[in-house]
Amino acid sequence: MAAKFSMAGASSLFGAEDHLEASDRMGQAMEQLKVREQHETQQRQQKQLVKQQQHVAKLDAQETQHIRDSIRPEHYEAGNLQKSQASQAANRDDDDEDDFEDDLDQDPDFMRLREVRLKQLQEQYKLKAENLAKGHGDYREILQDEFLKEVTSSARVLVHFYHRDFERCKVMDMHLGRIAKRHVEVKVLKIDAEKAPFFVAKLVVRVLPTIILFENGIANDTRVVGFEGLADDLPLGREDEFPTVNVMLA
């Protein structure tokens, strides 16, 4: 009798519908937990990527300064670059950053991303060093005899044809000096138009200042002539106050 009561009680308390409902609830809970874990993982990875991008930007700026201070062939080697980056990281004594980097070391996706980024940095580091060795990074004046060698030795070269007595040429000097320092990938030069009659005639330079872009030694059809297109939005009398970025977009 007790056995029947026990079985009857079990049947009424844990029927098939109850088991099915409990199973559904368990499945829903597991699915919600899975979705939440995926969301948290995505957020964590996003934060890691943002911090990595900031970290890479700092390294990139430090590398540029390091190259400018000392350009040597052995600096191009991947092993030495890795040592340099490791040394820079070691100088940071922020405990939170150390913990963050420890977490990243356990993430296989991030490790693959870092390996790809490291190769990119190595290539960029080498290219910057090569460009700086060719005279990039400084706004320099050249002579007519140096013209062909300078414009053919780099992939992208900006040349400013100027006149020493023209105020607008001096304004352009200021902007090009900034561009030379900010955009190491481009060689930025100036040449006195009076002392370069051959290239003034060859390139049909009729207005000063004139800026011509050379790509792989060939003059680009797009050029900056005077202040044309640079100060269209400025009021009369303030045409010389255009931003440097306008020169790059012209």
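Note that Cβ sites are derived from N, Cα and C of the backbone, with glycine treated the same way.
Small disclaimer: the values here were computed from a predicted structure and weren't measured.
Copied over from TrEMBL, here are the features:
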| type | residues | note |
| --- | --- | --- |
| REGION | 1-106 | region 'Disordered' |
| COMPBIAS | 33-42 | compositional bias 'Basic and acidic residues' |
| COMPBIAS | 43-54 | compositional bias 'Low complexity' |
| COMPBIAS | 57-77 | compositional bias 'Basic and acidic residues' |
| COMPBIAS | 81-90 | compositional bias 'Polar residues' |
| COMPBIAS | 93-106 | compositional bias 'Acidic residues' |
| DOMAIN | 143-222 | domain 'Thioredoxin' |
Q. What are the DSSP helix, strand and coil residue counts for the compositional bias 'Basic and acidic residues' (33-42)?
A. 10 helix, 0 strand, 0 coil
Q. Looking only at the domain 'Thioredoxin' (143-222), what are its DSSP counts of helix, strand and coil residues?
A. 34 helix, 24 strand, 22 coil
Q: Give, as a single whole number between 0 and 100, the mean pLDDT over the domain 'Thioredoxin' (143-222).
A: 96
